[in-house]
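See below for the structure under consideration.
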Amino acid sequence: MHINDWPTDERPREKLLARGAAVLSDAELLAIFVGSGLRGQDAVRTARDLLHRHGPLRCLLDRPAKALARLPGLGPASACKLSAALELANRHLLSDLERGEALSDPSSVGRYFSQRLRARNYEVFAALFLDSRHRAIAFEELFTGTIDAAEIHPREVVRRALLHNAAAVVVGHNHPSGNPEPSEADRAVTQRLLQALGLVDIRLLDHFVIGDGRPVSLAERGWVP
């Protein structure tokens, strides 16, 4: 059955317009970009097959546009639209931080780190430097490779914070394995940074660990006083 033969309130586009995007399943949202679907399949079925073969959703959407364009059921036009929509969503998410507004929602900072680091297939340790009103000054990737307590140099974080005249710092790093649970090394790094930054009266506000799903905040765990 073609999707146009479905009841109107079950078609993805009509459902989105009537009830909002949040009520659509992953397959229904993807079907809007798929368009007509493969021959003999409706768009939702094609989208489900894409998620089954190339998912989960994050793995599918982290692919560059050229890789998406090669997947059956997408093609160049749909892949470009999908990549453009993702980039617009990322820019919307990051806009408050990047235009210098005060940060009042810690979860938005975690999402910022997630968008910047999640897709990397190697570990990256980054810092967000803030002024005394907790407005973003700069975001920098400081260390890459295998991140452990021996690889993170607090002096470099302090040096960059002083260079930016920062009053506070939020740090974060990704776990390419997808497991965001903080390790003992992550906790050790956090304590070393707290001590080093404290010597120059700069606050460490949080340390986020990025993996699949929601970023883990060490401050929420009580490990950043």
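Even glycines carry a Cβ here, placed using N, Cα and C.
Positions annotated as domain 'MPN' by Swiss-Prot: 102-224. Per-residue pLDDT, averaged over the domain 'MPN' (102-224), rounds to 90.
When secondary structure is read from DSSP and collapsed to three states, His175 (Zn(2+) binding site) falls in the coil class. According to Swiss-Prot, the Zn(2+) binding site annotation covers His173, His175, Asp186.
Taken from Swiss-Prot, the feature motif 'JAMM motif' covers 173-186.
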Sequence-remote partners of the motif 'JAMM motif' (173-186) [C-beta within less than 8 Å, at least six residues beyond its ends]: 117-118, 120-126, 147-149, 207-216, 218, 221, 223
Candidate with the highest Cβ count within 10 Å, taken from the binding-site residues His173, His175: His173
CB contacts for Asp186 (Zn(2+) binding site) [other CB atoms within 10 A, all chains]: 21
Mapped DSSP class for Asp186 (Zn(2+) binding site), helix or strand or coil: helix
